[in-house]
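Quick look at what TrEMBL annotates:
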- 4-115: domain 'Phosphatidic acid phosphatase type 2/haloperoxidase' (DOMAIN)
- 6-26: transmembrane segment (TRANSMEM)
- 68-88: transmembrane segment (TRANSMEM)
- 108-131: transmembrane segment (TRANSMEM)
Amino acid sequence: MLLTHCYCLLALLLDLVLVAVVKGLVKRRRPTHNKMDMFVTISVDKYSFPSGHATRAALVCRFVLRHLVLAVPLRVLVVLWALIVSVSRVMLGRHNMTDVLFGLLLGYALYSVVEYCWLSPLSAPALFALWSH
């Protein structure tokens, strides 16, 4: 169980770094509409592409669906949660639709990469060797 939590933490940390790098490279400004309430928010960055909320929602959604045994209605709710988080970013005027769509794809792909590296036949024995020491 602890390894699973470490795996999720690693994926989320990689997500933070990857989103920051892509935002720094692309430098797309946030939408100009709905900026009247931006003075009450604390923003880490001023760029919008990709949506970090969408990447993390997709990543956590895949993690939960993969590692928890859930009934079908709960699985549907987890997917709906990720979609609602993503759509809310557009509705709040913080992101364009393409920011959110790319964020969802990036989070989905990042989970696949982390899962492959974490659970690959080459890296798994090394991780278990570290764990046993």
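Just so you know, glycine gets a Cβ as well, placed from its N, Cα and C.
Per-residue pLDDT, averaged over the domain 'Phosphatidic acid phosphatase type 2/haloperoxidase' (4-115), rounds to 85.
Residues of the same chain lying 6 or more positions beyond the ends of the transmembrane segment (6-26) and with a Cβ under 8 Å from any Cβ of it are 45, 47-50, 52, 55-56, 59-60, 63, 103, 106-107, 110-111, 114-115, 118. Within its own chain, the transmembrane segment (68-88) is flanked in space by residues 51, 53-54, 57-58, 60-61, 100, 103-104, which lie at least six positions past its ends and keep a Cβ under 8 Å from the stretch. Across the domain 'Phosphatidic acid phosphatase type 2/haloperoxidase' (4-115), DSSP classifies residues as 81 helix, 2 strand, 29 coil.
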